[in-house]
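Asks: Supplied in structure tokens, the structure appears directly below.
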């Protein structure tokens, strides 16, 4: 996986705020978590690294990969500026999200270790689903190619104007292009 893009501050997860301070944030489980506002971009980058350590991110995705542990990262980090009660609430909320996500990831890792059969069954399910979709797409391409080949023949086509194959191939191809909302996976 390519390393995350560094912002114009030169650090991952750090951006310059209009007032001249630096905000740190990290994405966890598809949700952006605000880590705080800091006087310097280095302090914001260190806060990002603490959160990255807690989420178990690889060192190449951190701002200071030379830091060797979470405790070292925490000792080098400073507390954010909390100028208002709103910012303090937002900071506490972000910390709760980090704690929850961290606990969830630990639980899921333990569950995967305790239930290897369920993990293997899920992998098999997704592999079967992928195979099913590939076969379905191949059939769709084949039917579409048949229609195009017959259409290209023009007058020499063996299909008559009222031949059901024209409408059947075109309607099934068109209906497969637009999946239904409640389309389930069934073999």
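Cβ atoms here come from the backbone N, Cα and C positions, even for glycine.
Since the structure is predicted, the reported quantities are computational estimates derived from the model, not experimental observations.
I grabbed these lines from TrEMBL:
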type: DOMAIN; residues: 10-65; note: domain 'AP2/ERF'
type: REGION; residues: 134-187; note: region 'Disordered'
type: COMPBIAS; residues: 134-143; note: compositional bias 'Basic residues'
type: COMPBIAS; residues: 144-153; note: compositional bias 'Basic and acidic residues'
type: COMPBIAS; residues: 168-177; note: compositional bias 'Polar residues'
type: COMPBIAS; residues: 178-187; note: compositional bias 'Acidic residues'
Asks: Tally of helix, strand and coil residues over the domain 'AP2/ERF' (10-65) according to DSSP?
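Replies: The counts are 17 helix, 18 strand, 21 coil.
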Asks: Going by DSSP, how much of the compositional bias 'Basic and acidic residues' (144-153) is helix, how much is strand and how much is coil, in residues?
Replies: 10 helix, 0 strand, 0 coil
Asks: On the 0 to 100 scale, where does the mean pLDDT of the domain 'AP2/ERF' (10-65) fall?
Replies: 88
